[in-house]
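Chemist: First the structure, which I've put down as structure tokens, then a few questions once you've had a look.
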């Protein structure tokens, strides 16, 4: 019945906590002090965590159902790895919105893949109640439907023209313009628009309600808006790619990948030069540093910024070659997906990262998980390496959180290191 004005998200987590804990308390006969204890509230996220494990397994099974070479053990191992993804796993044991936000978004995605779009949109609404930016993943679910239809139409187009060259290298630089031209032609057709609307209307209703909310609320943030202003922070995409390389190095940072990248660099020097110039410009004009990033020394991002980016003014520019490799490697692992799916995912990735002024690893959880769910399985050795790395990072994180406490001069409260 009380609301802290510093809270910026909608009350999904709190409403669900009341909905779960109150009936349980009534059945067992617990008192108010037990019902609203820290332990009971954190228990809600343990339930979400168990749900996330099951959803990740079902999603891996559905997305990779045609991969006959992948064993059941590999699927379970991959599920366990993703469930232990450090940034998400850490918040399982605290009262944060992340486990619930991930649960409803993954559930919505699963229902979308099975064609239950009304259920998917309803679950998308629940995800929105946990974090407003989850509306982007509702658009992603609708985009899955659109991408599937576009891919079908594109295959027919190729068959008509019997153009084997385009069929074999549809994702190269030279064919991108032709694909974009096809995309525009397809989407301006009234017949196609009616078909797509009939398929995605539950998502359209939810997105429309979102825009009504933004209009009535005067913005996407509730509560403390001063610290959460939207801006065009393009380097957030580079930070996300670096974050993804760090946590998916068995997939992205391999000798084979590096060789392929250098070969691509030699083949397309003009394109890569242009990408480099654009990246340098985006870093120069659109780098923002949030006051929390400079002031809150509990979070790892504070130390990443201080130890890396604040070393010298040129560091942020010197990292561009690594960002370009990270982006290429990231895209290369998605080549099994259709070009329309990749374009749609990339648009959603931009929408969920770029407007954020604050560099916060929690914002990367969902785009990372959706990316990881959609890339091919690794060999058993690399999967075990990834899982071992996650366990190590989690162990270090919990050790620091529990044992390396400190205090601020102006506060008596114990402070802890965390994501």
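Positions of Cβ are set from backbone N, Cα and C atoms, glycine also.
It should be emphasised that the depicted structure is a prediction, and the values quoted were computed from it without experimental measurement.
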Chemist: Can you identify, from 337-354, 355-372, the stretch that TrEMBL calls transmembrane segment?
Modeler: 337-354
Chemist: Tell me which range among 162-183, 272-293 TrEMBL lists as transmembrane segment.
Modeler: 272-293
Chemist: Could you tell me what the rest of the chain brings near the transmembrane segment (43-64), counting residues at least six beyond its ends with Cβ under 8 Å?
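Modeler: For the transmembrane segment (43-64), the list is 13, 16-17, 20-21, 70, 75-76, 78-80, 82-83, 88-89, 91-96, 99-100, 102-103, 106-107, 109-110, 113-114, 369, 373-374, 376-377.
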Chemist: For the transmembrane segment (272-293), find every same-chain residue at least 6 residues outside the stretch whose CB is under 8 Å from a CB in it, and list them.
Modeler: 227, 231-235, 238, 264-265, 299, 301-302, 305, 316-317, 320-321, 323-324, 357-359
